[in-house]
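*Asks:* In case it helps, Swiss-Prot gives these features for our protein:
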- CYS70, CYS72, CYS85, CYS88: Zn(2+) 1 binding site (BINDING)
- ASP458, ASP460, ASP462: Mg(2+) binding site (BINDING)
- CYS813, CYS887, CYS894, CYS897: Zn(2+) 2 binding site (BINDING)
Amino acid sequence: MKSLLDLFKQFTPDEHFDAIKIGMASPEKIRSWSFGEVKKPETINYRTFKPERDGLFCAKIFGPIKDYECLCGKYKRLKHRGVICEKCGVEVTQTKVRRERMGHIDLAAPCAHIWFLKSLPSRLGLVLDMTLRDIERVLYFEAYVVTDPGMTPLKKFGIMSEDDYDAKRKEYGDEFVAKMGAEGIKELLEGIDIEIEIEKLRGDLTGSEVKVKKNAKRLKVLEAFKKSGIKPEWMILEVLPVLPPDLRPLVPLDGGRFATSDLNDLYRRVINRNSRLRRLLELKAPEIIARNEKRMLQEAVDSLLDNGRRGKAMTGANKRALKSLADMIKGKSGRFRQNLLGKRVDYSGRSVITVGPTLKLHQCGLPKLMALELFKPFIFSRLEAMGIATTIKAAKKEVEAGTPVVWDILEEVIKEHPVMLNRAPTLHRLGIQAFEPILIEGKAIQLHPLVCAAFNADFDGDQMAVHVPLSVEAQLEARTLMLASNNVLFPASGEPSIVPSQDVVLGLYHATREKINGKGEGLVFADTGEVQRALDAGEAELHAKISVRLTEWTKDKATGEFVPETKLVDTTVGRALLSEILPKGLPFSNLNKALKKKEISKLINASFRKCGLKDTVVFADKLLQNGFRLATHAGFSVAIDDMLVPPQKAEILARAEAEVKEIEQQYVSGLVTAGERYNKVVDIWGKAGDDVSKVMMDQLKVQKTIDRNGKEVNEESFNAIYMMADSGARGSAAQIRQLAGMRGLMAKPDGSIIETPITANFREGLNVLQYFISTHGARKGLADTALKTANSGYLTRRLVDVTQDLVVTEDDCGTSNGSLMRAIVEGGEVIESLRDRILGRTAAEEVLHPETRAVLAQPGRMLDEDLIEELEAAGVDEVKVRTALTCETRYGLCAKCYGRDLGRGGLINLGEAVGVIAAQSIGEPGTQLTMRTFHIGGAASRAAVASSVEAKSNGIIGFNATMRYVTNTKGELVVIARSGEIIIQDEHGRERERHKVPYGATLTVKADQTIKAGTILANWDPLTRPIITEYAGTVKFENVEEGLTVAKQVDEVTGLSTLVVIDPKRRGSAKVVRPQVKLVDADGKEVKIPGTDHSVTIGFQVGALIQVRDGQEVGPGEVLARIPMEGQKTRDITGGLPRVAELFEARSPKDKGMLAEMTGTISFGKETKGKVRLQITDPDGKVWDELVPKEKNVLVHEGQVVNKGELIVDGPADPQDILRLLGIEELSRYIVDEVQDVYRLQGVKINDKHIEVIVRQMLRRVVVENPGESTYIAGEQVERSEILNTNEALQAEGKLPATYSNVLLGITKASLSTDSFISAASFQETTRVLTEAAIMGKRDELRGLKENVIVGRLIPAGTGLAYHQARKAKDAMDEAERRAIADAEAAELASAGTDDAAAEIDGSADTAD
């Protein structure tokens, strides 16, 4: 059998491999691959269409054209297999060998490989320590390189031009050797002794930074050559391999023309130039001609390998650049992404989808014709098994005839055989789900309405693809893991994904609303059956308030059985009838309310947590059926009269008009600037629009009705438009506002707001101008959507690439590290409760009761709903939980650190690809994020105008650690901290709210004061930023000179004058002096900061209005100057998608803020032109200083004490700084919070876990600081797991381990720097990745998912993980067995050997080895 397989040269499935290695091929290796040299550029004979001998398609070299038939036709058929025909020299074998047999071309002159020359950094340059420019000049015959200086003063590696060369020849004669072209470079490479070079470089890793960097780079490349055993001269080609002909085919078109692969053209050029050069060399042609031909050959080889990399790309007949070997593998349509990662699959079909309201959740409707085609193989085998057809051909005929028996068989085959439905774009794992097919007439696939949310599908012409899992294993996986009824939660947030929408919601909402004085109000019923009869008889209406006796099932804690319990409930007719579908164990109180979309979602969630998956799926299906039925019965209609325009609208508009007029007046008389006028006008109209919409909603919301006592009362409106918006079925308050309020402000395409609003609404109709303004912004929206989708897809691709190899590989890594979680409170509101943040995580340490100190949860315990309720009751306000970032698993993550699998509700399983899930969860809502946040005039500018802060709850006042304040002469407390916060705690010391207070605010409360809700905590002037003194004294101006550093401004209206600090860029002279104030005491001595010898110096920033006079007495807390807010440039907030990408790419923000490098005291040093020197002196006297541009806003002053990592210069923080100064946990918190802010704005829920997983991947490399006794180089980046393994090994041998520090890489960079070169090459920059990998002789251990997909194995995740682990265990056992046998044999031999030794004593010394 084995020999038979050998004959057919087929791979047996046992050929397992655990790694793939890449390297560089030596000339000998290339020749060993080859089956013969290609000598002629011809391809095929134009008359016979047979390949030319020795040509690019030669049958003698590459194999026969037809299976088992030689070219001349002498030998045909299988019996001559393996014979080589003596006439045409072709081996008789399968034609398939033409896909795998390579040829070669012997180059008449060596040529450099362009990848190693031009791919930056140039590897040739690094090895030779020459510049790329010089090497190019030598290679392309523009200069000579000295290969052997002999006794002359010339330097080896020296470059000389043609003229220099001639001069030196005259001077020194034949003393020295200098060469041109690749030969010269090759000789230099051969002369390099890598060992010696490495020794030299290792000793030379000192000196200037630039030199060290360069040496380290060179050292890395040389070490790579040494380690991989690759000789540097192999970077110069002597032999060129020729690709097998079937991979660069020549295809006849009709009309006698041929379509050919570009590679044939490129090879032809190489062969032509090569043979021409060979002829010239034989003829001993003049040097200059040969040289030119060599250069042409080098260029031809370059184009073949990577066309267009150097110089102009070679073009074909139609002026288009030819596609070279490099182009074949890189880019979206290259080998990696087109064929290895994105394959097309058989047994699939696609069609339009329609709604299938009668289906169960796990079913889909499959058109009969489609099913017949998809399930053909199963039908054929069934027909044969039943004896209806004897051959496949007969079965085919039978199926095509469409006999009744075929349809019966189809019904049989389809039973219990799930199919997979997929809707593009597949943004997360719920984009492919499995269903059981139900055969239907027609040609459209029917889809269950509840899964539309997961697929993001609607029925306006969407198409879906169907795939059939063939093998039993595939069917089993589809059934257990992918069936729609097993995927009811979103993996991103753990919320239910099978939530009804649109008409279902409307129907349920309408049926569960209550009406005052409805027919039948006050009746009491014995059971729901009676209610139904009353409704049918018209005695009670759907919304009437009634009482009814219901049976509730509660679970008995002891037995686990359900126990019935009846009680009388006040409800409405509609709700009572819906109660029949509640699953056992779900109390009626969940349903006894008007069911809006959110409520229904909560209902399904509660059902899933309390009653489990099966009951929930059945319940959801029943809800759906009822919703459709009720919506139909409700008979909704919308009329134009339902859009009620509020009567107060005219008055509000008139008031706004008047205010705008006033602003215009002020502008004309010069009181406000143009910018202020625009902002204020936009503000006024924004507010007017909000007011109109408020009175409109108030009017829509209620309707008058008569109660049973004949009194007129208000009840919630039954207005159709209002009900649609209120229930969450369709539309929103913003849309109703456009229908019945006013359209409001519109945006221009550049995002700025047009200051004249549209005062009309759609009911009144728009005039031409208003309509035109509307179209402006609407078109921008469409253009944006197209861009957004592409950007979002690219973000997802980068995220998937960086996390694709992160899989849960063990149960528990045993760490006790974690991160402290507490509720997120902003501006006094809880944005995210503690419950949301810790649900489904694992406790990292004991959770104690805050008062009794009793243990509420052990470390390692999963925090589920029940436990969290206990914690909330006990008043726990912070919990240390395990996170993905602190997990200590080497490869992958552990289940405990990850916590709950959000998509399934239990602890995560081993083998779950949590990295990909995280990437999809973050990328999938990407399309919903806005590209650019419109600076909505109304909301954005008004939010900034807060001028005080008030308490929202009762409690005790506290301040945060950085809060500092002084008491001024009036006895008020003035805040002088930049990041001060007021914290309000309840009597248990739990934080209730937290408010940021700006610098210069006046506090109206003291620490530990008990306050009531509504108390004003602090006031400040919102339009200016003050500069305040902390100490008392007399003002002494320095450098405050009118006309030089300050200018006098006279207010036109009041006639008062103030001094304004001029921008240094605008000053004529005195650019470097800084206007400032010193304080002097009564004796005229400068006031010093207590405890230091620094004088109190307060600098004025550009644009500051000086409020004091020279010589004026001031007290602490007094304002010296004010900076108008208008003068401050408002930072443009990047929002939406670009912000998320910026965070994950770890880019430094423009105008970034500066953090204190160490804890210490601030002082200002000597200033330079346009910059301020900022110094920090730590307690040990170490000084750190930095130059800060003058226009930056410095937040600290002379003598202030700052902590490491505190913001000292205003601006957005740089993640790199946060990591360096504050550590991993703080960085993770920063990125998680910032990303969540963007998503929260759009109302998207994503669990923090997913973002943490990505941050973990961004931190997976470390930079070596001190290599210790390892082989690393200082400054080298290595995988964290690798350095940990190395250090363990070093410590075991008692050697000095390497020290390292964390480094944060952006996601693109992190993907490219993974250990797997296959994964990196298939992502981006394929050429660079492969070049680097080849030199290093890299081994890809195939740990990630992507590498395994590319080599075509099961991925090591999910069911594949178990398969790979079992396989590796089996290999290890076989290996152990083999070793045991070998050892036994060796022992036998040894024992035999000792017998001989006894006989032959004098020979014993030799045999001892």
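Using the three backbone atoms N, Cα and C, a Cβ is placed for every residue, glycine included.
Quantities reported herein were computed from a predicted structural model and do not represent experimental measurements.
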*Asks:* Have a look at the binding-site residues (CYS70, CYS72, CYS85, CYS897) and report the one with the fewest Cβ neighbours inside 10 Å.
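*Replies:* Checked CYS70, CYS72, CYS85, CYS897; of these binding-site residues, fewest Cβ neighbours within 10 Å: CYS72.
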*Asks:* Residues with Cβ closer than 8 Å to the Cβ of CYS887 (Zn(2+) 2 binding site), same chain and 6+ apart in sequence?
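*Replies:* Once residues fewer than 6 apart are set aside, CYS887 (Zn(2+) 2 binding site) is near CYS813, THR815, LEU893, CYS894, CYS897, TYR898, ARG1256.
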*Asks:* Taking the mean position of the Cβ atoms of CYS70, CYS72, CYS85, CYS88 as the Zn(2+) 1 site, which residues outside that list, in the same chain, have a Cβ no more than 8 Å away, listed in sequence order?
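*Replies:* For the Zn(2+) 1 site, the extra neighbours are ALA59, LEU71, GLY73, LYS74, TYR75, LYS87, GLY89, VAL90.
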*Asks:* Helix, strand or coil for ASP458 (Mg(2+) binding site)? Use DSSP.
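*Replies:* Looking at the DSSP assignment, ASP458 (Mg(2+) binding site) belongs to neither helix nor strand, so coil.
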*Asks:* Please report the three-state DSSP label of CYS894 (Zn(2+) 2 binding site).
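*Replies:* Where CYS894 (Zn(2+) 2 binding site) sits, the three-state DSSP reduction gives strand.
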*Asks:* What's the CA to CA span in angstrom from CYS70 (Zn(2+) 1 binding site) over to ASP462 (Mg(2+) binding site)?
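*Replies:* Rounded to the nearest whole number, the Cα-Cα distance is 53 Å.
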*Asks:* For the binding-site residues ASP458, ASP460, ASP462, which one has its C-beta crowded by the most other C-beta atoms within 10 angstroms?
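*Replies:* Within the set of binding-site residues, the most crowded position is ASP462.
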*Asks:* Other Cβ atoms within 10 Å is the metric here; tell me which of the binding-site residues CYS88, CYS894 scores highest.
*Replies:* CYS894
*Asks:* Say you check the Cα of CYS72 (Zn(2+) 1 binding site) against those of the binding-site residues ASP458, ASP460, ASP462; which is nearest?
*Replies:* ASP462
*Asks:* Rounded to the nearest Å, what's the C-alpha distance separating CYS88 (Zn(2+) 1 binding site) and ASP462 (Mg(2+) binding site)? Just drop the number here, would you?
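*Replies:* The separation of the Cα atoms works out to 59 Å.
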*Asks:* If I take the alpha carbons of ASP462 (Mg(2+) binding site) and CYS85 (Zn(2+) 1 binding site), what is the distance between them in whole Å?
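*Replies:* Cα of ASP462 (Mg(2+) binding site) to Cα of CYS85 (Zn(2+) 1 binding site) measures 59 Å after rounding.
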*Asks:* Quick check for the class: what is the C-alpha distance, in angstrom and rounded, between ASP458 (Mg(2+) binding site) and CYS85 (Zn(2+) 1 binding site)?
*Replies:* 65
*Asks:* Around the Mg(2+) site recorded as ASP458, ASP460, ASP462, what other same-chain residues have a C-beta within 8 angstroms of the site's C-beta center?
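*Replies:* Everything else in range on the chain: ILE353, ALA457, PHE459, GLY461.
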*Asks:* Within 10 angstroms of the C-beta of CYS813 (Zn(2+) 2 binding site), what count of other C-beta atoms is obtained when all protein chains are considered?
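*Replies:* So the number of other Cβ atoms within 10 Å of CYS813 (Zn(2+) 2 binding site) is 19.
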*Asks:* Taking 8 Å from the centroid of the Cβ atoms of CYS813, CYS887, CYS894, CYS897 as the cut-off, which other residues in that chain fall inside it around the Zn(2+) 2 site?
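*Replies:* Once CYS813, CYS887, CYS894, CYS897 are set aside, the remaining close residues are GLU810, ASP812, THR815, ARG882, ALA884, THR886, GLU888, THR889, LEU893, ALA895, LYS896, TYR898.
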*Asks:* In whole Å, how far does the CA atom of ASP460 (Mg(2+) binding site) lie from that of CYS85 (Zn(2+) 1 binding site)?
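*Replies:* About 65 Å separates the two Cα atoms.
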